[in-house]
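So that you can see what the record holds, here are the features copied from Swiss-Prot:
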- CYS37-CYS85: disulfide bond (DISULFID)
- CYS60-CYS81: disulfide bond (DISULFID)
- 37-85: domain 'BPTI/Kunitz inhibitor' (DOMAIN)
- 1-27: signal peptide (SIGNAL)
Amino acid sequence: MGIARILSAVLFLSVLFVVTFPTLLSADHHDGRTDTCRLPSDRGRCKASFERWYFNGTTCTKFVYGGYGGNDNRFPTEKACMKRCAKA
């Protein structure tokens, strides 16, 4: 095997590692839930009153969202919340 082939293989493996490593770091935890589902409920900074759902660690719970800010643990329906966060 020539030096060019060895260098090509090393380059390919390096690029593969650089591309896949961040994906591995941000992958779902072992129980199948994403980091989003681990966030607390957060009604946001405004005073509107929108019905939303958040995952509380066990199930999806209704809360009032103020309309701006907050975090990503906020879903428009209980079904969407359960689909994303409930253990499979």
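Glycine is no exception: its Cβ is also placed from the backbone N, Cα and C atoms.
Take the CB of CYS85 (disulfide bond) and look out to 10 A: across all protein chains shown you find 23 other CB atoms. In this structure the alpha carbons, written CA, of CYS85 (disulfide bond) and CYS60 (disulfide bond) are 8 Å apart. Annotated pair CYS37 (disulfide bond) and CYS81 (disulfide bond), C-alpha to C-alpha distance, rounded: 9 Å.
Neighbour density for CYS81 (disulfide bond): within 10 A of its CB lie 23 other CB atoms from the protein chains shown. Summarised by DSSP class, the composition of the domain 'BPTI/Kunitz inhibitor' (37-85) is 10 helix, 13 strand, 26 coil. The average pLDDT the prediction assigns to the domain 'BPTI/Kunitz inhibitor' (37-85) is 96. Within 10 Å of the C-beta of CYS37 (disulfide bond) we count 23 further C-beta atoms, all protein chains included. Listed in sequence order, TRP53, TYR54, PHE75, GLU78, CYS81, MET82, CYS85, ALA86 are the same-chain residues at least 6 apart in sequence whose CB falls under 8 Å from the CB of CYS60 (disulfide bond).
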